[in-house]
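According to Swiss-Prot, the features are:
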SITE      Glu119  site 'Important for catalytic activity'
SITE      Glu139  site 'Important for catalytic activity'
BINDING   Asp296, Asn500, Tyr660  substrate binding site
REGION    311-729  region '3-hydroxyacyl-CoA dehydrogenase'
BINDING   Met324, Asp343, Val400, Val401, Glu402, Lys407, Ser429, Asn453  NAD(+) binding site
ACT_SITE  His450  active site, for 3-hydroxyacyl-CoA dehydrogenase activity
REGION    708-729  region 'Disordered'
Amino acid sequence: MLYKGDTLYLDWLEDGIAELVFDAPGSVNKLDTATVASLGEAIGVLEQQSDLKGLLLRSNKAAFIVGADITEFLSLFLVPEEQLSQWLHFANSVFNRLEDLPVPTIAAVNGYALGGGCECVLATDYRLATPDLRIGLPETKLGIMPGFGGSVRMPRMLGADSALEIIAAGKDVGADQALKIGLVDGVVKAEKLVEGAKAVLRQAINGDLDWKAKRQPKLEPLKLSKIEATMSFTIAKGMVAQTAGKHYPAPITAVKTIEAAARFGREEALNLENKSFVPLAHTNEARALVGIFLNDQYVKGKAKKLTKDVETPKQAAVLGAGIMGGGIAYQSAWKGVPVVMKDINDKSLTLGMTEAAKLLNKQLERGKIDGLKLAGVISTIHPTLDYAGFDRVDIVVEAVVENPKVKKAVLAETEQKVRQDTVLASNTSTIPISELANALERPENFCGMHFFNPVHRMPLVEIIRGEKSSDETIAKVVAWASKMGKTPIVVNDCPGFFVNRVLFPYFAGFSQLLRDGADFRKIDKVMEKQFGWPMGPAYLLDVVGIDTAHHAQAVMAAGFPQRMQKDYRDAIDALFDANRFGQKNGLGFWRYKEDSKGKPKKEEDAAVEDLLAEVSQPKRDFSEEEIIARMMIPMVNEVVRCLEEGIIATPAEADMALVYGLGFPPFHGGAFRWLDTLGSAKYLDMAQQYQHLGPLYEVPEGLRNKARHNEPYYPPVEPARPVGDLKTA
């Protein structure tokens, strides 16, 4: 054994060939600060070996290196800029020394090689991969950019266009694509990976492969003519501006850095990467996006822990076909759980099956499946007008009309047709689960399961625990949601649960602004362009359905009369009374016509102004700051109340529910991350300016206490150890 660290070891393999093996405790390898230091020490040992002829890098895990240790990021990002820059210089010196070894090097890459893992293998001369490879640089999705030389080596290896596509989008690619663009040199079966890598090394050692020529382009300026450079970088900047926008500085910074570094050799190019990385790491956007990643891991880990003792349902059923029922049936069948889809009429069943078939055909068109797979999946969805097969189902989700009487009747009838241990769930969006449970003989086997539309795209499923829902019931429903590829978050019961409970105060803020003379178009523009929502409130209401919102608004007002009962007729009332239900009937805040792809396209409609004039004061201008404050304060206050009342368990789960269920702008990180970034005292000052607008603007006492003591909702993060302590090699 030449060297042994906590996460890697170095040993002789054969006749002058050494192997450096990543083998961290636990299930995966991460390129954390300690591993970077160990790698430096191991390379130091290699540099002393006079009989070294070649080096093979590999992993003892199912994946090569999944990336940097993101749990370290928030503390690293608090390190002063000079110290962070110093540590990056140290880390890059390690990879440079790996790249500069006087012998050929190869990485035998299996599974994931992401972020720092990808940057590590870019420093070797050759890369051989297994068919399950996923390799790429996802850093821009975390609000940063590659910091271990990825933005320098990848463009010089692949050419600017392919590298920009991966780096700016934070993409990873599979084995076939990696081979095609030159990111790996070969793909072999897993059992032949090490032997194949040794064979390549022997060819390089014997002079059959010119490893020095292979290495050289990574050390030099990027080989692009002036015209090629102008075209590549201009197109890339245009695409990034269009897709990422101003709220996500990392992608455009990465493109500009690669452009600026193109004319330099490795050392100067790495210095430019360093200078760009450090300021990005200190942005609120990076902290928010890293926070989302960590919250996502927390939520998924919690679901895994919750379901460890239950069996995932093997047969499901959906009550109520149509678009929603068809979407749920498709998602279940697509992920391998056969489903019975029941309705009371053929027309709805046809609609549900058509929806499922349409979604499968899209997968076929994209090349994700072939005709055989399509036929196989669709055959596991069984449409029925009766309860045939319900005696075999493990779980039933009801997705009928949002009417408590209808839902109770359907659930009570279904309970008589299923086994004693079958779980029932309701896909209600607002009706309290404990109320629906009153119709059942086995309320302990019942809970809420709130999907979001469109089901196949929206990652969140709210799992609602009723007063009598058992832990086993919740665990089984969480297991099914996870199997369907969704992110389940368990909440306690109340009108609207969590997501809709906090959404309707936001809509109330919108209604009050319109009442006071604001223009709905300006509100939408501000909330989209400035705050960053994917849709402004007017457009969102049109998509959700004015009739749906009108009904839900009444349910919420009955549930929370003190805050949500209004004493005036609002824009939603006016549009509803005029039979303007949004996109579903082509008339809402806008008029809708189908474009060439059959998608609804909004157009101005003068009739809306007349309708809104009846429920509004004369038009006046509002500043962007006031619009944002008046829209967000009611929502954030309600989010805080939900935490204080135990409706949602943690700030992390609340923020993920907002991001995954409502599209809360990820660069803000969610309501609690936004609050912490803004500061609770500053938020309180802002909210107090608008408390005259009513109870929705009154800040909860718990948040007032936070403001008094300047306490954040997320645990404070300590800066990483001084760089001198980090740098141990």
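Glycine is treated like the rest: Cβ placed from N, Cα and C.
Feature map: Swiss-Prot annotations on the structure.
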residue : record                                                    : DSSP (3 states)
Glu119  : site 'Important for catalytic activity'                   : helix
Met324  : NAD(+) binding site                                       : helix
Asp343  : NAD(+) binding site                                       : coil
Val400  : NAD(+) binding site                                       : coil
Lys407  : NAD(+) binding site                                       : helix
His450  : active site, for 3-hydroxyacyl-CoA dehydrogenase activity : strand
Asn500  : substrate binding site                                    : helix
Tyr660  : substrate binding site                                    : helix
Handout entry: Entries of Asp296, Asp343, Val400, Glu402, Lys407, Asn453 which, being binding-site residues, have CA atoms within 10 angstroms of Glu139 (site 'Important for catalytic activity')
Key = none
Exercise for the section: Please find which two of Asp296, Asn500, Tyr660 have the most distant C-alpha atoms, given that the record lists them as binding substrate, and give only that distance in angstrom, rounded to a whole number. Expected result: 21
Handout entry: The one of Glu139, Glu402 whose CB sees the fewest other CB atoms within 10 Å, among these recorded positions
Key = Glu402
Completion exercise
Here the 10 Å Cβ neighbour count for Ser429 (NAD(+) binding site) comes out at 22
Practice task
Find the one among the recorded positions Glu119, Asp296, His450, Asn500, Tyr660 whose C-alpha lies closest to that of Met324 (NAD(+) binding site).
Solution key: His450
Fill in the blank from the handout: Comparing local Cβ density (other Cβ atoms within 10 Å) for the binding-site residues Met324, Val400, Val401 points to Val400
Handout entry: DSSP-derived structure type at Glu139 (site 'Important for catalytic activity'), helix or strand or else coil
Key = helix
Exercise for the section: Find the shortest Cα-Cα separation between Asn500 (substrate binding site) and the recorded positions Glu119, Asp343, Val400, Ser429, Asn453, and name the residue that gives it. Expected result: Ser429
Exercise for the section: Filter the recorded positions Asp296, Val401, His450 down to those whose C-alpha lies within 10 angstroms of the C-alpha of Glu119 (site 'Important for catalytic activity'); answer none if the list is empty. Expected result: none
Handout entry: Cα distance (Å, whole number) from Glu402 (NAD(+) binding site) to Asp296 (substrate binding site)
Key = 30
Handout entry: Sparsest-packed of the listed binding-site residues (Asn453, Asn500) - C-beta count within 10 angstroms
Key = Asn453
Completion exercise
Counting across all protein chains, other CB atoms within 10 angstroms of the CB of Asp343 (NAD(+) binding site) number 22
Completion exercise
Checking the recorded positions Glu119, Asp296 for other Cβ atoms within 10 Å of each Cβ, the smallest tally belongs to Asp296
